[in-house]
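*Asks:* Mind having a look at this structure? Questions to follow.
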Amino acid sequence: MLPALRLLPLLLLLPTSLSDSSLHPGDPQLMAPPSPAVVIVGAGISGLAAAEKLHKHGFQNIKILEATGRTGGRIYTQKYAKGLVEIGAQWIHGPSPDNPIFQLASQFGLLSPDALLEENQKAYGNNHPSDMPVVYTSSGGNISAAALADIMGLFITWLEQARNFTNSRCGPEDSVGSFILQQIVNSSQEWDKELVDTNMALLRGLLNMECCVSGTHSMDYVALCPFGEYTMLAGIDCTFPTGFESLVNRIKAPLPSGMVVLNKAVKRIDWNGSFQGNDSHVYPVEVQCEDGDSFVADHVIVTVPLGFLKKQSADFFSPELPTSKMQAIKNLGFGTNNKILVEFEKPFWDPNTTLIQVLWEGDSPLIEPKEDLKQNWIRKLSIFVVLEPPAQLGHVLCGFIAGKEAEFMETLTYEEILSSMTDLFRRITGNPELPPPVSILRSQWYSQPYTGGSYSYVAVGSSGDDLDNLAEPLPTDKEALKPLQVLFGGEATERNFYSTTHGALISGRREAQRLIDRYPQLGVTASKAKL
Ligand code: 6YU
């Protein structure tokens, strides 16, 4: 392509700031490579962060194609009860200066003064609720705080040990679940006989909670060797008083209108081709949409969830992805963690309670859960977070449920879940007259066609290399005439921070940086134009 022809798109897309400045078309500074056409698939935080960074560095020709009618993806704040709740991401995991979500949230003034305290930033919460739960048993009893503290202490130690397996000897088939089960069996030899049933039921509940943290059906699915590669940042997890989506809104605010195209589902990405654009430039990539529209591009950044890729990757790319990438998509885990929000007229819990654990009597990590999901799905629901502040939100509990039971729950009607919740709370409080919840709201992440679950984990049979592999741009041939045609972002491409919003944000910026490095002159032109 002749340089003069390649300049055409830049001249057509000249921003006002450029045309108003002392630079004029034809100036040597503008003889830099033209702004390449970049299509970003997905307007979650990864896609938006990529766009924001590229835009800031002078890329002018960017389109973000989003399948649904909203931006934010798995960051989704909704009105509920008297305030706002999160349907997806809830906490900043590790709110401290190394976390870019924390950096942005503090910069935009979106956090409460408590979250900004230095002592909060230095403490370690390990992505888990930091308070001790109050335990309610399924027959309306309670468990002493001391008994719970003993078991919690053991469980946390075993999780810590599981993380330390990185770089030491363990087999590819070993799972976090099998390791913990072995510790349970060993430890139980020393328990008082009368405590065995309670301890086992407590441990089953803690494993259920861990399934929510890892976004998996069973900890037996989570690979042991790479478990410690996931990096915990310092800081006690905090939330956004004005909703997580307020951060998304701030990130996308500088993007020109029209850059984000909603309700524009991508059907297929044709790459390694020659596609004629309206500007007579020939592009290597064409993005085909479900509605028949198509977009030519020099580069496309794919930020769709791993759950979507698992279902669609075979037909989504033409030519097909290399075998190693297809294998990584297959090997990595992507599970479901759902929420059930329950609003009460009056709280049945004590005002100091922040967490409620349900102890299902008779359950044990040594006994396989019953397969009849209709009868038993609710036994997987073991943890409720008391949402705050009640004065602004009302009395709301947020239950977490993971795996096949969470997926089954999505198929139930509102009335069925409301009735199950009424029964559950009457059982655990031992009060058959407890008024039913005022309302419920549940997430259905598994059924969302463009998500297919909640977040990724490193499954047995996969490793951190699969996450890196997923992040590799195409074509892989380093000498390719047109490199970086298809780039991959999204939480599942961050080896140390997968499954989180900060991982997703980092991945989007990482892919933007690849393109910025490829067009160093663009940044120079943009900063000169700003002078
Ligand atoms: C966090 C938290 N958190 C709870 C629940 C969920 C998640 N996470 P997106 O999906 O956002 O965007 C992609 C877009 O692409 C999307 O809009 C699609 O519609 C679109 N798309 C798809 N196909 C398309 C097509 N064909 N064409 C066009 N567009 C298309 N993270 O930091 N704190 O508290 C939680 C939680 C219920 C579901 C979470 C949390 C995960 C984040 O939400 C998620 O990673 C990012 O938002 C993803 O952004 P993205 O841009 O990549 O994709 C020990 C240990 C083990 C490790 N795990 C630690 C625990 C960490 C997870 N914690 C979870 C806890 C909660 C409650």
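Cβ atoms are placed via backbone N, Cα and C, with glycine included.
As annotated by TrEMBL, signal peptide applies to 1-19. For 45-516, the entry in TrEMBL reads domain 'Amine oxidase'. Feature annotation from TrEMBL assigns FAD binding site to Ser46, Glu66, Ala67, Val266. The substrate binding site annotation in TrEMBL covers Phe400.
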*Asks:* Out of Ala67, Val266, which of the binding-site residues has the smallest number of neighbouring Cβ atoms within 10 Å?
*Replies:* Ala67
*Asks:* Beyond the listed site residues Ser46, Glu66, Ala67, Val266, identify every same-chain residue whose Cβ lies within 8 Å of the center of their Cβ atoms for the FAD site.
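*Replies:* The surrounding set, listed in chain order, is Ile40, Val41, Gly42, Ala43, Gly44, Gly47, Ile64, Leu65, Thr68, Gly73, Lys264, Ala265, Thr303, Val304, Tyr450.
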*Asks:* Sorry to bug you, but what's the C-alpha spacing from Phe400 (substrate binding site) to Ser46 (FAD binding site), rounded to the closest Å?
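*Replies:* Approximately 25 Å lies between the Cα of Ser46 (FAD binding site) and that of Phe400 (substrate binding site).
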*Asks:* Can you grab the distance from Glu66 (FAD binding site) over to Phe400 (substrate binding site)? Cα atoms, rounded to a whole Å.
*Replies:* 28
*Asks:* Please give the average pLDDT for the domain 'Amine oxidase' (45-516) in this predicted model.
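*Replies:* 96, rounded to a whole number.
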*Asks:* Mind running the binding-site residues Ser46, Val266, Phe400 against ligand 1 and keeping the ones whose CB falls under 6 Å of it?
*Replies:* Ser46, Val266
*Asks:* Rounded to the nearest angstrom, how far is the Cα of Phe400 (substrate binding site) from the Cα of Val266 (FAD binding site)?
*Replies:* 31
